[in-house]
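K.L.:
Below, the features straight out of Swiss-Prot:
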- 8-191: domain 'Guanylate kinase-like' (DOMAIN)
- GLY15, PRO16, THR17, ALA18, VAL19, GLY20, LYS21, GLY22: ATP binding site (BINDING)
Amino acid sequence: MTENTHAGRLIVLTGPTAVGKGTVEAKLRADHPEVWVSVSATTRAPRPGEVDGVNYWFLTEDEFLAREAAGEFLETAVVHGMAHYGTLLKPVEEHLAAGVPTILEIDLQGARRVKQRAAELDLEVVYVFIAPPSFEELERRLIGRGTETAEQQARRLETAKVELAAESEFDVTIVNETVDQAAADLWSVIAKEYGL
């Protein structure tokens, strides 16, 4: 085991599809610009308004698989049976070493892979689960988003049931009643872990 060069604990943020993870982390970043949120790589097509390098690193499947084979990812997963997602390791390590509050917003598969690799990489991690007030509210949010077909929505809701059942695997649960409250709760976790 190598000497720990990380000055802070990595915050892994997970929750079911359409729970508002991205909205909560955007509010957190607006209120606390000192927080760095890792930009995931993906092979899925950009949604309207998404920008390469800001929302995701949009890669072809060949590019993604080559970087995965080169060991450049902390974790990777195939999500909803459709697209590859992954977290590039080097930027995470650099931000942690600099003491910058660092968040990974990833799905359940990714969080489980980080758990598997954390000891090997000498990472200290806090796992945070963002939960909806109810399954019905989650369904309403997903349908209201209007970015998926009915078939994709049904597949995502089935995945969400599995994700919700895994809540007990996490250190902290934050219920996303409102974005402001959930972002404030997440900041409380970060402030505690980073001594802010």
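Each Cβ is built from the backbone N, Cα and C atoms, and glycine gets one as well.
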K.L.:
If you count the C-beta atoms lying within 10 Å of each candidate's C-beta, which of the binding-site residues GLY15, PRO16, GLY20 ends up with the smallest number?
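P.N.:
If we count Cβ atoms within 10 Å for the binding-site residues GLY15, PRO16, GLY20, the smallest count is at GLY20.
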K.L.:
If you count the C-beta atoms lying within 10 Å of each candidate's C-beta, which of the binding-site residues ALA18, VAL19 ends up with the smallest number?
P.N.:
ALA18
K.L.:
Across the whole of the domain 'Guanylate kinase-like' (8-191), what does the mean pLDDT come to? Round it, please.
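P.N.:
Reported value for the domain 'Guanylate kinase-like' (8-191) is a mean pLDDT of 91.
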K.L.:
Using the Cβ centroid of GLY15, PRO16, THR17, ALA18, VAL19, GLY20, LYS21, GLY22 as the reference point for the ATP site, which residues of the same chain not in that list have Cβ within 8 Å?
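P.N.:
Neighbours found: ILE130, PRO132, LEU138, ARG141, ASN176.
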K.L.:
Can you tell me how many other Cβ atoms are located within 10 Å of the Cβ belonging to THR17 (ATP binding site)?
P.N.:
21
K.L.:
What are the sequence-distant neighbours of GLY22 (ATP binding site), meaning same chain, six or more residues apart, C-beta distance under 8 angstroms?
P.N.:
GLU105
